[in-house]
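Feature annotations, reproduced from TrEMBL:
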| type | residues | note |
| --- | --- | --- |
| DOMAIN | A:13-161 | domain 'Aspartate/ornithine carbamoyltransferase carbamoyl-P binding' |
| BINDING | A:Arg65, A:Thr66, A:Arg115, A:His149, A:Gln152, A:Gly278, A:Pro279 | carbamoyl phosphate binding site |
| BINDING | A:Lys93, A:Arg182, A:Arg237 | L-aspartate binding site |
| DOMAIN | A:169-315 | domain 'Aspartate/ornithine carbamoyltransferase Asp/Orn-binding' |
Amino acid sequence: MYNPQLNKHGELQHLLTIEGLPKAIVNHILDTASSFVSISDREVKKVPLLRGKSVFNLFFENSTRTRTTFEIASKRLSADVINLNIAASSTSKGESLLDTIDNLAAMHADMFVVRHATSGAPFLIAKHLNDTKQHHVHVVNAGDGRHAHPTQGLLDMYTIRHYKKDFTNLTVAIVGDVLHSRVARSDIHALTTLGVPEVRVIGPHTLLPGGLEQMGVRVFTDMNEGLKGVDVIIMLRLQNERMSGALLPSAQEYFKSYGLTPERLALAKPDAIVMHPGPMNRGVEIDSAVADGPQAVILPQVTFGIAVRMAVMSIVAGNSGSDA
Amino acid sequence: MYNPQLNKHGELQHLLTIEGLPKAIVNHILDTASSFVSISDREVKKVPLLRGKSVFNLFFENSTRTRTTFEIASKRLSADVINLNIAASSTSKGESLLDTIDNLAAMHADMFVVRHATSGAPFLIAKHLNDTKQHHVHVVNAGDGRHAHPTQGLLDMYTIRHYKKDFTNLTVAIVGDVLHSRVARSDIHALTTLGVPEVRVIGPHTLLPGGLEQMGVRVFTDMNEGLKGVDVIIMLRLQNERMSGALLPSAQEYFKSYGLTPERLALAKPDAIVMHPGPMNRGVEIDSAVADGPQAVILPQVTFGIAVRMAVMSIVAGNSGSDA
Amino acid sequence: MYNPQLNKHGELQHLLTIEGLPKAIVNHILDTASSFVSISDREVKKVPLLRGKSVFNLFFENSTRTRTTFEIASKRLSADVINLNIAASSTSKGESLLDTIDNLAAMHADMFVVRHATSGAPFLIAKHLNDTKQHHVHVVNAGDGRHAHPTQGLLDMYTIRHYKKDFTNLTVAIVGDVLHSRVARSDIHALTTLGVPEVRVIGPHTLLPGGLEQMGVRVFTDMNEGLKGVDVIIMLRLQNERMSGALLPSAQEYFKSYGLTPERLALAKPDAIVMHPGPMNRGVEIDSAVADGPQAVILPQVTFGIAVRMAVMSIVAGNSGSDA
C-alpha cells in the first residue's frame, strides 16, 4: 500500500498514522522523546533543533488543548509558530483546501500540524505535497475525524513503556466509546506493533465498531470481566453529545456500567496503571477517587506528550522528502 | 490569615492581591520596575531573565488590553508565551478549572497569568498548586471579578512615586464607580500600605460599597468637596452596562456630577496629576480637555505598566515555592 | 500634498500607499526584497534586523492570510509579534481609535501593521503619530477599505520584475472587479511609477470605476480585445457578495465573459505571465487549467510577498521620524 509518510529510504517524513508504521520507527520516536523529557526539567527548556523553522498549526477543527501541546513543543525546539484557525478564514472564502496548503507552503513553511474533522485530510495534504514535489514541508497529524491521533497513541506508548518497561507480557484494556475514538484506533495499532500479546476493548455494543476481532482485539461488553488481571487501563472520554442521544441512556447509567470506580479497578492487577487522554468527565467515565488516586498516570501522560511531540517534529524535520 | 502568595521565607511566589502585601515587597517591585523602564527605551528591548520559561496567559474573561501588556512584558523578558482563551475551550467540554490547571502545569508551565470573572479564582489556583506541591508554577492575578487587579494597583503606585516621590504627605482621590472596581480596591490597599495619610473616594451613593470608612478612607458624594487640595486624582472607568441601569440616570447626568472637567480639576492642587486605568469614556467620566491636558499622566501609566509587570514576573519566577 | 509616509529627509517612515511614492523608493524596496528572497531558502530563515522590536498586527478587519504573511515576515526579522484582533476588543468598549493607538504606542510599540475596513485609517493613524511626535512607531498599511494595499502592489511589481526584467516595454492588463479592488488601485499606481507604457483594465461596466482614463489607463469591456498582445495579466478576485447582487448576473455568466481560460490566455503574448492576489475562485474568474498551468506565477507571488514585507518593515524601521 502507498504510504506517503515514509520517504524512499523508509524514513519518517510525515506522521499521519501509526497503522503500518515500522516498529523500529516507533521505538526511535520513543527513544528520542526520552532525551527530551529531561529538557523540560531544566532551567532553560529550549533546544535549537528547529531554530528558524516555521511551524504552522493548521486547526480546521478547534482544539485548544492539542494546539497548546504542539505550540509548546515547537517553541521548546526554538521554531517560529504560526497559529491558524482555518475554519474561520480562507475556506470560508471558498478557497479549496489544497490551494490553502499551496499558499502556505509558498511562504516557506517547514511543517504543518494538521487537525481536521474529516478522516484522511492530513493524508490528502501529505500526498499532495509529495505529488507536487513540495518536499520541504512536513505534515504531522494532530487528529483527523475518527481515523487517527498518532501523537496521542505514541505518548500513550511512551507512558506504558515508562511504567511497565516491557510490552511483550502485558494485557491492556481500552474502555469506553471506541466507536468514535481516534485515540482508541491509534492505541490499538501501536500496541499491536509493539508486541502487546493481549489488547482488550470494553464498552457497550452501541459504542463498539465492527471488525475489532480482525484487528486482533478481544471484545468485552461486561466491564468486570474485561478488567480482570489487566496491567494497563486506557479510559476514553465520553463525548457530551453522545450522552443524550440514541446511543446511550444517560451519563448516570453509563457510569453504573462503564465508569472506572475503585471497586472495579481492584479487579485489575494491583500495580495496574490508569490512563486517560483528557479532558476527563469525572463521574461519567471515571470516578474522582481513581482519577486522583495512586494508580492514575494521567498527568504524566501530559508531560510525556510534550516530549513525544518534540521527538516527532524533530525527526520528521530531519528527514528529507521523497525525491531526496 | 493563610496567604498563599508568600512562601515560607516570606517571599513573593505568586501575586494575588495587594491586600496584606508587606510594604518592603511593594517597594521591591517598584524598585525592580524602575530598572526595566530604561530597557524599553533601548534599541533591543529584551533581557534574558525568563528565557526558556513558558508563560501561559489564561484568560477566562476576555481582555485584549491586559493580555497584550502581559504578552509584551513576557516577550521582553524572553519567555515563551502561550495565549489561551479558556472560555472557548476546555471548560466548555465540562472539564473542571483545577483539572485544566493540572494539565497545563504538567506541560511544565512556569507561570499562569490569570484573568477570571469570578473573585478568588487566582487564589484558588495558587492554593491548589501549593497544596499539590506543584511549586514550579507561579500565579499572577490579572484581574478577578470585583476583587483585585494588583498589577494595575502597582503600576498606579509606580506612577504616583514617579511624579510625587514621597507617599507620606499626599492626598489621593479615587473617583467614580468604586462599587464595581477591582482597580479601586487594589489602589486603596496599596496607598494605605505605602503610608498615604489621606485616601478619598468620590462617587454617587449607588456606586459606593459599604465599609469604606473601616478601610481608612474618607467618603465624598460631592465631587467639588472631594477634590479640594488633592495631589492625585485616580478616575475610574464607568462601565457601559451601568449607564442604562437602575444605578445611574444617564451618562450625561453622570458627567454633570462626576465628570472631571478643567473647572473641577482646578479645585485640586495646581500640580495634581490625573490618572485613569483605561479605556477612557471621554465625555462620561472625563473631559477630553483634561484627558489630553498637561496634568494627565494616563499614557505614562501604560508605559510604566509594562515595566511593573516585567518586575512582578521576574520576581515571582525567582522565588521558589513553599517547600523549598 | 502633505504625505505623512515620508520624513523630512524624504525617507520612508510609514508605508501607506504607492500613490506618490518616488520611483527610487519603490526600487529600493524591490532591491532589498531581493536580498531577503535567498534567506527563505536557508536552513535558518532568520535575520536579527528587528530583534527586540515589537510589531503589532492591528487587524480591525479580519484577514488570516495577510496577517499570516506579516507575522512570518516579522518573525524572520526576529521581531516580537503581537496579534490584535481589534474588532473584538477595545473599540467595542467605546474607546476611540486614536486612544487605542496612543495606548499601544505607550507600550513602546515599534510598528503597527494596520488592516482596516475604512479607507484612510492607516493614513489617519500615521498622521496622528507624527502630529503627537510619537516618532518611534512606524505604520504599514495592510489594506484599507477600497483605497490601497501597497505591499500587495509591491509584491506584484517584484514578481513582474523577476519574470520580465524591464518595465518600460510592457503591456499589463488588470482584469475583473476593479471597482472594489484596493489591489488594482495599488497596482495601477506602481505600474505607472515604474514606467510601464501601457496599463489596461478589463471588466464589465458595472465593476469599473470612473476616472480610469485620467489615471493613464486604457479601458476594455471586451476581454478578448483587452488581452491581445499583453505581457502580464493580473486577475482580480471576484468577491462572493458581488455575484448574487445587482452588479452581476451570476458566477457562470461572469466566467463566460471574463474568466481566464486557456483559449483567452492564447490571445496574450506566448510568454505572458498570469498573476492573482488570492484566494482564487476557480471556475469564476480563472480556469483551473490556467491557474495550475505553466504561465501562472501565483505561488511565486506568495513567496516574494514575504520578502517584500520583510523589506518594507526593515526599511521603515531604519528610518527615523519627521523630527529626527
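Every residue, even glycine, has its Cβ placed from backbone N, Cα and C.
All annotation found in TrEMBL is predicted automatically rather than curated by experts.
Taking H, G and I as helix, E and B as strand and the rest as coil, DSSP gives the domain 'Aspartate/ornithine carbamoyltransferase Asp/Orn-binding' (A:169-315) the counts 61 helix, 25 strand, 61 coil.
Among the residues the record lists as binding carbamoyl phosphate, namely A:Arg65, A:Thr66, A:Arg115, A:His149, A:Gln152, A:Gly278, A:Pro279, the two farthest apart have Cα atoms separated by 17 Å. Figure note: comparing Cβ neighbours within 10 Å for the binding-site residues A:Thr66, A:Gln152, the maximum is reached by A:Gln152. In this structure the C-alpha atoms belonging to A:Gln152 (carbamoyl phosphate binding site) and A:Arg182 (L-aspartate binding site) are separated by 9 Å.
Each of the binding-site residues A:Gly278, A:Pro279 was scored by the number of other CB atoms within 10 A of its CB, and the lowest score belongs to A:Pro279. In this structure, the C-alpha atom of A:Arg182 (L-aspartate binding site) lies 6 angstrom from that of A:His149 (carbamoyl phosphate binding site). DSSP assignment over the domain 'Aspartate/ornithine carbamoyltransferase carbamoyl-P binding' (A:13-161) gives 70 helix, 27 strand, 52 coil. For A:Arg182 (L-aspartate binding site), the count of additional Cβ atoms within 10 Å of its Cβ stands at 21 [all protein chains shown]. Note: the carbamoyl phosphate site is recorded as A:Arg65, A:Thr66, A:Arg115, A:His149, A:Gln152, A:Gly278, A:Pro279; in the same chain, A:Ser63, A:Thr69, A:Ala142, A:Gly143, A:Pro277 also have Cβ atoms within 8 Å of that site's Cβ centroid. With a cut-off of 8 Å between CB atoms and residues at least 6 apart in sequence, the same chain places A:Asn141, A:Ala142, A:Gly143, A:Arg182, A:Val183, A:Arg185, A:Ser186, A:Pro277 near A:His149 (carbamoyl phosphate binding site), listed in sequence order.
A gap of 14 Å separates the Cα atoms of A:Arg65 (carbamoyl phosphate binding site) and A:Arg237 (L-aspartate binding site). Those binding-site residues from A:Arg65, A:His149, A:Gly278 lying by chain B, with Cβ under 8 Å from one of its Cβ atoms, are A:Arg65, A:Gly278. Straight-line distance linking the Cα atoms of A:Arg237 (L-aspartate binding site) and A:Arg115 (carbamoyl phosphate binding site), rounded to a whole number, equals 18 Å.
For A:Arg237 (L-aspartate binding site), other Cβ atoms within 10 Å of its Cβ number 23. For A:Arg115 (carbamoyl phosphate binding site), the number of other Cβ atoms no farther than 10 Å from its own Cβ, over all displayed protein chains, is 23.
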